[in-house]
């Protein structure tokens, strides 16, 4: 009985693992970007910068990307990889100067 259960569990895990694709360059929270630096919105320097450019963020713990540029999924594999801070960000209200709602990613 135990051996049948072990075989069933092993087969089930194998099917689940095969059916769940994982793409390293997938960005589910926004646009994939490379930022020169990242900081939380409540960091004094970041907060001052956001105030100067008129960006209001309600979540003070939100990760903010500074001086960001888009990364294309095609470009990641062909040499334009991000050597600074690769992140997925919800929005970039001031072009690439500030990106809001960022999540770190591995590329």
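If you go along the chain as it appears here, the first residue is 1 and each next one adds 1.
Every residue, even glycine, has its Cβ placed from backbone N, Cα and C.
Per Swiss-Prot, the features are:
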type     : residues : note
DISULFID : 27-88    : disulfide bond
DISULFID : 34-82    : disulfide bond
DISULFID : 35-68    : disulfide bond
DISULFID : 89-102   : disulfide bond
SIGNAL   : 1-24     : signal peptide
Disulfide-bonded residues: 34, 89, 102 - member with fewest neighbouring CB atoms within 10 Å: 34
Residue 34 (disulfide bond): nearby disulfide-bonded residues from 27, 68, 88, Cα cut-off 10 Å: 68, 88
Which of 27, 35, 88, the listed disulfide-bonded residues, has fewest other Cβ atoms within 10 Å: 27
Nearest of the disulfide-bonded residues (27, 35, 102) to residue 82 (disulfide bond), judged by Cα-Cα distance: 35
Densest Cβ neighbourhood among 68, 82 (disulfide-bonded residues), 10 Å radius: 68
Using Cα positions only, nearest of the disulfide-bonded residues to residue 88 (disulfide bond) (35, 68, 102): 102
Listed disulfide-bonded residues among 35, 68, 89 whose Cα sits within 10 Å of residue 27 (disulfide bond): 89
Rounded Cα-Cα span from residue 89 (disulfide bond) to residue 35 (disulfide bond), Å: 10
Separation of alpha carbons, residue 102 (disulfide bond) and residue 68 (disulfide bond) (Å): 11
